[in-house]
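Student: Not my notes, these are from TrEMBL:
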- 12-39: transmembrane segment (TRANSMEM)
- 81-270: domain 'ABC transmembrane type-1' (DOMAIN)
- 85-109: transmembrane segment (TRANSMEM)
- 116-137: transmembrane segment (TRANSMEM)
- 149-170: transmembrane segment (TRANSMEM)
- 191-213: transmembrane segment (TRANSMEM)
- 251-270: transmembrane segment (TRANSMEM)
Amino acid sequence: MNMLSATAERRVVLRVFIAIFLVGLSFVVLFPFVALLLASFKSASELMRFGLNLRLDFDVLSLKNYLYLFSEQGKIYWTWYKNSLLITLLFTAISLFLSSLVGYALAVYNFKGKNTVLFLVLFLMMIPLEILMLPLFEEMIAFRLVDTYWGVIVPFAVSPFAVFFFRQYAVSLPRDLLDAARIDGCSEFGIYLRIMSPLMIPAFGAMGILQALHSWNNFLWPLVVLRTDEMFTLPIGLAGLLTPYGNNYDVLISGAVLTVIPIIILFFFFQRYFISGLTIGAVKE
C-alpha cells in the first residue's frame, strides 16, 4: 500500500514538473511574438531606448505606425502585400495539383522506370537551391519570365518533397475503390478527381500549409528573379527598407506584424488537416 502511495506521489510530482516546464517553455516561445506585437504600437525613440520588451505603458502606445502604413506613404507596402498573397495563392494551388498528380501516379500505377523516377524525386530533395539558381535564372531569362509572378512560381511548382509526401499518403488508400470506379466506366483522371482527391483532403491540408508558408516566407529566389519595387514581395520589400543610414524600426515592426496574420488564419482553419495529414502519411505504407 505504501509502495502504491509512493508511486502515485512520484507521478504527481513528475506531472507538476512537466507542467511547470511546459509553461516556462511556452513563455520562451511566445515572448518574441508578444514583444513584437507591443513594439508595433511604440515609437522609434521608445524602441531605441528600451528595445524589445514586455513593458506595457499605455502612455507610449499608439496606432501611429499602422496609420502610416494605411496612408499614401505606405502604399508600396500594400503592393508588396498583394504580390505576396497572389504568388502564395497561385504557387500553393498549382503545387498541390501537380505534386499530388505525380505522387498519386507513383503510388497507384506500375510502369517502366517507376523506381527510377522515385529515386530521382528523393535525389532532388537533397539538392540545395543555391546550386540550381544560376541555370534556373538563365531559363527565366530565355522564357522572359524575369520580374514576373510566373518567374517566381514556375521553377518550383512541382516540389519533390510534396510529390513524395503525396505518394506516401496515396499508398495507404484502398485499391478496391479504384477497381470499382473503373468497372463503372470512370476515367483515370476522373478517379483521381472524384474519388482519390476527397480521400486525400488531410494530405492537401497539411501540404497546403507547408507550401503556403514556404512561398510566403520565400526570400532568396524572388530576390534573384524580381527587379522592380512594384513586383517585390513582402520579405524583399521589408528587407530593402533596412539601410546603414537609419531605419524606421517602428514602421518596419508594424509591417512585420501584419505579415504574420495570413499564416495565423491559414493554420487556424487547416490545423486539423495538418496534424492528421502528417501522421497518416508518415506511418502507413
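Placement of Cβ uses the backbone N, Cα and C atoms for every residue, glycine included.
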Student: Tell me whether the transmembrane segment (12-39) sits in contact with the transmembrane segment (149-170), defined here as at least 3 Cβ pairs under 8 Å among residues 6 or more apart in sequence.
Tutor: no
Student: Determine which residues of the chain contact the transmembrane segment (251-270) at the Cβ level, with the cut-off under 8 Å and only residues 6 or more beyond its ends counted.
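Tutor: Residues 33, 36-37, 39-40, 47, 65-66, 68-69, 74, 77, 81, 84-85, 88, 205-206, 208-209, 212-213, 216, 234, 238, 241-242 contact the transmembrane segment (251-270) from elsewhere in the chain.
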Student: Report, as numbers and ranges, every residue of the chain located at least six residues beyond the transmembrane segment (85-109) whose Cβ falls under 8 Å of a Cβ in that stretch; write 'none' if there are none.
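Tutor: Non-local partners: 117-118, 121, 149, 152-153, 156-159, 162-171, 173, 175, 178, 192, 196-197, 200, 203-204, 207-208, 211-212, 215-216, 222, 233, 262.
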